[in-house]
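Undergrad: Quick one: this structure, given as structure tokens, is what I'll be asking you about.
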Amino acid sequence: MSPKKKSAPAKKPATKKKVADKKEALSPAVAKQEKKTQKSYQNVRGMKDIVPSQGGQWLRMFDAARSIAESYCYGYVETPIVEQAQLFVKSLGRGTDVVEKEMYVFEDNEGTKIALRPEFTAGIARSYISHGMLSLPQPVKVWTVGPLFRHDRPQSGRYRQFHQFNCEVIGERNPVSDAELISMAYNFLRDLGLQAEIHINSIGTFEDRQNYIVELVGYLRSKRSYLCENCKKRISKNPLRVLDCKELGCQEALEDAPQIIEWLSAASKDFFMSVLEYLDELRIPYVLTPTLVRGLDYYTDTVFELFVDGGKEQSQSALGGGGRYDGLLEEIGAREATPASGFAIGLERVMLALNKKEKEEQEGSDVAGSRHPAGIERQFFFAQLGEQARRRTLALIESLRKSGIQLGSSLAKGSLKAQLELADKMKSTHSIILGQKEVQDGTVIIRDMDSGIQEIIDQKKIEHHLRKLMK
Ligand code: HAM
């Protein structure tokens, strides 16, 4: 017996309403109207675009980072943007703001707890162990640059996605490494035109700190009523954080607080003195800052932060920070003691400082108005007039580009005036002009943009001529 064929369910007649809906959906007028009312998409809160007008400066920071890292013989590393969440919990400390409040943590499809990296150090330390870098000649000096994520309250200079230039020296405990790292961070900012102020302190070993914390907690309890609500909670949870609270009341209450430096072991004191002596040798100015403790648990001995404009009032105004972390690698699985130190500089904050400086320098001048919108600058600009000239220009630019000469151009523009205006915006010193006549003669005009003086040269000699003019 053949199975009974199921008859297909009879199609319901379309209701009048549905037909009308379909008609409406197809109507271009309605679709247009709907498109108009559709909400446009915004960036995720606290995450910013870099737009072309900022692109030049952004890339200059990357170039400066690479250049300084290579000059100090650092190798480049890249670690994944995600790591097991536990790596950060173990490294940065359970009670820290970053781990407790700011980490983006989620479960992947296999149920593993993953975190978007809130900083580089833990991932780089993990990578050093995973790749057996202990067997390489020590120390291993590495640098990296890239995005990090902290779910903080966004405001100027504090974002949920931000970028750092980060350097680590792993496998060496010597004050000279710390001094060299500090000088590198200082010189990176100086190369970009920023004068940094270095705030420095030592927080000793874990043991030194335990004794100090007992003393500090006693002091904080005696001043409890003067502290802000946050700091009242911190007394038992993370008393060191009270030291860098920015609330005026807390700062006043801390005036007579015991200073960590007095609790350092003789070895840590000597170590710190040597770091300072090396900095003196390098003529790098610093400010001894007894309340500087940093917000991550892995630090031991030297800690430092970099500021511009002497800005200390707000915690977010530190452009960078770092220090020694001699216990971290063992804590996350290294088979032997592996001392290390490093720093990171926040690139968004550097960019804010550079913009502020540029604005101050430009006050009263109209330089900004005459600049290319994407900040593109080219010493030479190729302008053309007429269809034949455009074709010839296309070929000439291509051959110059192949020989390593970059030129500005706007091939779609017909007007010579508009093209020369663009050349001005690109700060070109010379324009190469090709018109109908020059196409026939096999020549071009080279125009000095400042004096307006023009000379005619053979098209075959452009490259040679431009090389002579090159800055
Ligand atoms: P950090 O002090 O947490 O240190 O961050 C270093 C820098 O990153 C800060 O000074 C700041 O410029 C920037 N930064 C931090 N959070 C944000 C944010 N939400 N928005 C914008 N910029 C931010 C560390 O990350 C350590 N891993 C540094 C280190 C390396 N220590 C040893 N080696």
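A Cβ is built for glycine as well, from the same backbone N, Cα and C atoms used for every other residue.
Automated prediction, rather than curation, is the source of TrEMBL annotations.
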Undergrad: Need one residue: from Arg94, Arg150, Arg190, the one TrEMBL lists with Glu119, Phe120, Thr121, Gln164, Glu168, Arg294, Tyr298, Tyr299 for L-histidine.
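TA: Between Arg94, Arg150, Arg190, TrEMBL records just one in the L-histidine site with Glu119, Phe120, Thr121, Gln164, Glu168, Arg294, Tyr298, Tyr299, namely Arg150.
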Undergrad: When the pLDDT values for the domain 'Aminoacyl-transfer RNA synthetases class-II family profile' (77-373) are averaged, what is the result?
TA: 93
Undergrad: Considering all pairs of residues in Glu119, Phe120, Thr121, Arg150, Gln164, Glu168, Arg294, Tyr298, Tyr299, annotated in the record as contacting L-histidine, what is the maximal C-alpha distance expressed in whole angstrom?
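TA: The L-histidine-binding residues span at most 21 Å between Cα atoms.
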Undergrad: Please list, in sequence order, the residues in the chain of Tyr299 (L-histidine binding site) that are at least six apart in sequence and whose C-beta is under 8 Å away from its C-beta.
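TA: Within the chain, Tyr299 (L-histidine binding site) has Cβ neighbours under 8 Å at Ile203, Val293, Gly323, Arg324, Tyr325.
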Undergrad: Give me the long-range Cβ neighbours of Arg294 (L-histidine binding site): same chain, 6+ apart, Cβ under 8 Å, in sequence order.
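TA: Non-local contacts for Arg294 (L-histidine binding site): Ile203, Val303, Glu305, Gly321, Gly323.
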Undergrad: Using a Cβ cut-off under 8 Å and a sequence separation of 6 or more, which residues in the same chain sit near Glu119 (L-histidine binding site)?
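TA: Listed in sequence order: Phe88, Leu92, Val98, Leu148, Gln164, Asn166, Leu296, Ala344.
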Undergrad: Helix, strand or coil at Thr121 (L-histidine binding site), per DSSP?
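TA: Looking at the DSSP assignment, Thr121 (L-histidine binding site) belongs to a helix.
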